[in-house]
Amino acid sequence: MATMPSHGLRHLSTGQPSLRKFRFSTTVASVASSFTEDSEQAQPNTNNRADINNNNNNKPSSYFPKRGQSLELVCESLAFKGKGLCKVADTGFVVMCDRALPGERFIGRVTRKKGNYAEVTKVKTISPHWDFVDAPCEYASYCGGCKTQNLSYEAQLRAKEQQVRDLVIHVGKFCHTDLESLGIMKPIVPCDIQFHYRNKMEFSFGSQQWLPKELITEKNDGNKNYALGLHAPGFFDKILNVDKCLLQSEPANTVLAAIQDCWRDEQLGLSPYNARSHAGFLKHLMLRTGRNLKTGLPELMVNFVTSSYEPELLKPLVERIKVIPEVVSIVNNVNTSVGNTSVGEQEYTLHGKSNIVEILRGLTFQISANSFFQTNTYQAEVLYKLIEECAGLKGDGSEIVLDLFCGTGTIGLTLARRVKHIYGYEVVAQAISDARLNANLNGIHNATFIQGDLNKIDESFGNNFPKPDIVISDPNRPGMHMKLIKFLLKLKPQRIVYVSCNPATCARDLDYLCHGVMEQNIKGCYDLKSLQPVDMFPHTPHIECVCLLELSDHSS
Ligand SMILES: C[S@@+](CC[C@H](N)C(=O)[O-])C[C@H]1O[C@@H](n2cnc3c(N)ncnc32)[C@H](O)[C@@H]1O
């Protein structure tokens with residue numbers, strides 16, 4: 001499976017309150033609203049003013065470019081998934097282009113029509129973007145992971161902050177003046193470490209190597225049926241072969257290079273898994289970096305995901321990498337399904353330990369091959385500190401905290417020593433076991449972790465825990481289900497700390513909690529006190545936000 005988490009509004013799934021369709025005044029908002037509609041819109045217009053081949057006049061309101069049409073465009077800003085947002089000259093019509101960066105003038109070809117905007121691919125740059133820097137990674141211009149490596153880091157931060165601001169104004173319906181004058185909107189927190197920050201990378205083995213057209217003759221090493229690397233953007237079966245990734249730790253790159261150096265040797269009889277025919281042995285290589293508790297130095301877990309259990313076949317690879325000093329754990333997840341997931345039905349330890357550990361906010365967390373852990377440990381410290389500040393705990397051990405979407409319990413556990421009790425809810429059973437294990441590991445006895453689907457809560461939800469003083473909610477990309485929004489509006493905890501990895505669904509949920517849900521005659525009862533974007537993943541489009549909501553004075 002591809003390694004980089006892909007964020008975006010595409011993940012607004014059914015059952016979630018969808019982004020409502022407003023007539024937004026800005027382009028960001030108009031595109032945000034249309035991510036819920038996948039239908040193609042309006043008949044393509046053949047007479048397009050911006051068409052570089054056909055410059056006839058056209059009414060802006062009925063304008064829609066044709067598929068295959070070429071347009072001369074200037075990228076205005078970065079929007080969802082780091083796509084460049086452009087407007088077609090004279091019409092205001094919005095097009096989105098992957099890898100177009102602010103200020104760049106280019107020729108784009110229309111590939112897809114989506115709702116009220118179109119997607120284009122870049123054919124040729126006419127003049128480059130502002131804030132250009134050389135990308136240190138050789139794959140940066142075509143790997144799906146780092147899309148903005150050649151935009152200066154300051155410009156990346158500006159673009160992310162602006163995206164959050166636009167969404168909270170146009171989707172969340174908060175007033176721009178209030179956000180600024182009341183100091184609600186905080187400047188984005190940069191990540192001090194901009195490379196080698198990921199503690200987990202998942203590479204895929206594949207039988208089809210992918211290269212961008214322009215590099216096929218230059219780079220092809222004749223081994224195009226054997227690839228180990230990242231999924232080519234948009235392909236489930238084609239792999240961009242990579243020898244190193246600048247987002248993972250140095251020892252992880254040493255392991256990747258050692259495996260790349262030997263796994264193709266025909267004598268070893270190793271075959272990459274073919275995602276189409278479902279034949280082949282090696283599926284994924286997952287590298288996780290933790291820490292040695294005594295020395296503080298990095299320790300590595302190497303996880304081979306294979307389609308069957310054949311330890312003899314893996315032995316030469318194990319022998320090769322177990323001598324790398326940082327490698328303390330080599331495991332094999334056996335996944336016999338035709339799907340592309342890396343979680344095995346069976347896990348075997350081939351060398352050393354079956355897990356590694358990491359320290360976060362002074363606590364020790366045990367990480368196994370498939371357990372969830374924040375992927376940027378350094379910035380998770382920063383994020384969790386902000387969460388703790390927002391929670392505003394009295395520290396006298398009197399408060400109850402409800403930790404929704406708790407994963408392996410990390411947020412709740414880092415707060416546990418200052419509160420009366422933590423109640424954590426999470427859908428993944430394994431994560432709940434890990435959370436309980438982590439509580440024991442750290443001698444924490446005032447935390448209860450419960451497995452449950454927060455999209456399926458009923459009237460009885462809330463009977464199993466006392467009324468919380470503070471709720472932490474850290475949902476995944478689709479945000480909170482309407483059932484959970486209604487529950488919180490009825491429960492009325494004094495304070496909600498909303499942690500989000502998708503600013504669009506975050507803006508929507510803030511709107512519901514603060515302004516209510518008009519269509520359902522539900523009143524909001526919270527004030528947004530602060531909205532803090534945090535950059536957890538430099539060079540990628542992902543944005544984290546920590547929001548503080550307090551019960552309004554007029555809420556009763
Ligand atoms: C962004 S992660 C947050 C994890 C944790 N708070 C942390 O900081 O490590 C979101 C978590 O929500 C869980 N989740 C997703 N959908 C859920 C649902 N419907 N009900 C309960 N938990 C869910 C995921 O399994 C994941 O662990």
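Glycine is no exception: its Cβ is also placed from the backbone N, Cα and C atoms.
Owing to the predicted nature of the structure, the values given are computational and were not obtained by experimental measurement.
Annotation comment: TrEMBL describes 33-64 as region 'Disordered'.
According to TrEMBL, the compositional bias 'Low complexity' annotation covers 45-58.
Here the domain 'TRAM' (64-124) is broken down by DSSP into helix, strand and coil counts: 3 helix, 35 strand, 23 coil. The feature domain 'TRAM' is assigned by TrEMBL to 64-124.
The feature S-adenosyl-L-methionine binding site is assigned by TrEMBL to Gln374, Phe405, Glu426, Asp474. Every protein chain considered, the tally of other Cβ atoms within 10 Å of the Cβ of Glu426 (S-adenosyl-L-methionine binding site) stands at 25.
Per TrEMBL, the feature active site, nucleophile maps to Cys501. The Cβ of Cys501 (active site, nucleophile) has 19 neighbouring Cβ atoms from other residues within 10 Å, across all protein chains displayed.
Computed over the domain 'TRAM' (64-124), the whole-number mean pLDDT of the model equals 90. Taking a C-beta cut-off of under 8 Å and a sequence gap of six or more, Phe405 (S-adenosyl-L-methionine binding site) has these contacts in its own chain: Tyr425, Glu426, Leu454, Ser473, Asp474, Pro475, Asn476.
Sequence-ordered, the extra residues of this chain that approach the S-adenosyl-L-methionine site, with Cβ no more than 8 Å from the Cβ center of Gln374, Phe405, Glu426, Asp474, are Phe372, Asp403, Cys406, Gly407, Thr410, Ile411, Pro475, Asn476, Val499.
With a cut-off of 8 Å between CB atoms and residues at least 6 apart in sequence, the same chain places Leu360, Ala380, Leu383, Thr410, Met536 near Gln374 (S-adenosyl-L-methionine binding site), listed in sequence order.
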